[in-house]
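TrEMBL has this to say about the protein:
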DOMAIN    6-106  domain 'Ig-like'
Amino acid sequence: LRSAGPEGSSLKIVGSIRFPVKVYVKLNQNSPRILCITNRLRNSELIDPVSQWHGPSGNILSENSSVKISPTGTLILRHFTADQSGVYTCSLIYKLTAEEPAKKLIMKYLIYAYSDPNYYYEFTVQYHAAPCNSIYNISFEKTLLQLLTKLVAELSCEVTLIKSECHHVKMQRAGLQNEIFFTFSVASLDQGKSNTPCQQSTCGTSERLSKVQILIENFFKHQAEITRKSSDPLPEIYYIEGTLQMVWIDRCYPGYGMNPVSHPDCPDCCVVCSPGSYNPSDRTHCRPCNNSFIYGATKC
């Protein structure tokens, strides 16, 4: 029940008179074909059918640049935006035989905008360091960030240092040593610092970040090999083999959140926050809020 095609989708969604049907439309894409008919009537011959669509504000929908309605009452919403989300209602008047009186059905659709999560990687790594107040540590930190930035630049990603902490670590048989604990993130540039979802139909964020993971793993493997194979005394600052750890983190844009319970058909989507909820930051959940009356609220 979700669509992601720029030209609309071959997916067709039928209504129900028992419950509202949930439909998920990718931001800036076209909706699936939303039929003004129930599954039971879909293969029946209908005499003099007349359908009418109403939008979330109760207005009668008519054709325009963002709404397409076929002669048979099929609705396609084009270039879908967050503020188009809401309850859409279709009424169908029809006869099954020419003699019987006309019947009327009301079908409701809950249509939500969604985007893919804005993924990023968080890395932690440890280095043997110079004394904790040494200027060499600061200089090394800058050099390491420059190398990593250069490494991921071709994949349109950026490295951000989250924290850098120097600690005294007591080693078995080796006494006290100085170690720097680095934590840095790698995010896609087309989504990283922007608070709006990527406008392109295929941003390929997850594919690029998967390549970034391999590049960074190889970078630190290579550092460990150099240290291991070198016959020279160890430098003052060097990578401690085996300390690289990576975590894949999902985040949603402000006004969007993940909720597999409310949206089981789109569990990995960042779905626009419904009225009564909001997301002010790039976390993954819409929070409750009695004062939010719109879809996609970013404040309470």
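Every residue, even glycine, has its Cβ placed from backbone N, Cα and C.
TrEMBL entries are annotated by machine, without manual review.
Residues in the domain 'Ig-like' (6-106) partition by DSSP class (helix H, G, I; strand E, B; coil) as 3 helix, 46 strand, 52 coil. Per-residue pLDDT, averaged across the domain 'Ig-like' (6-106), gives 89.
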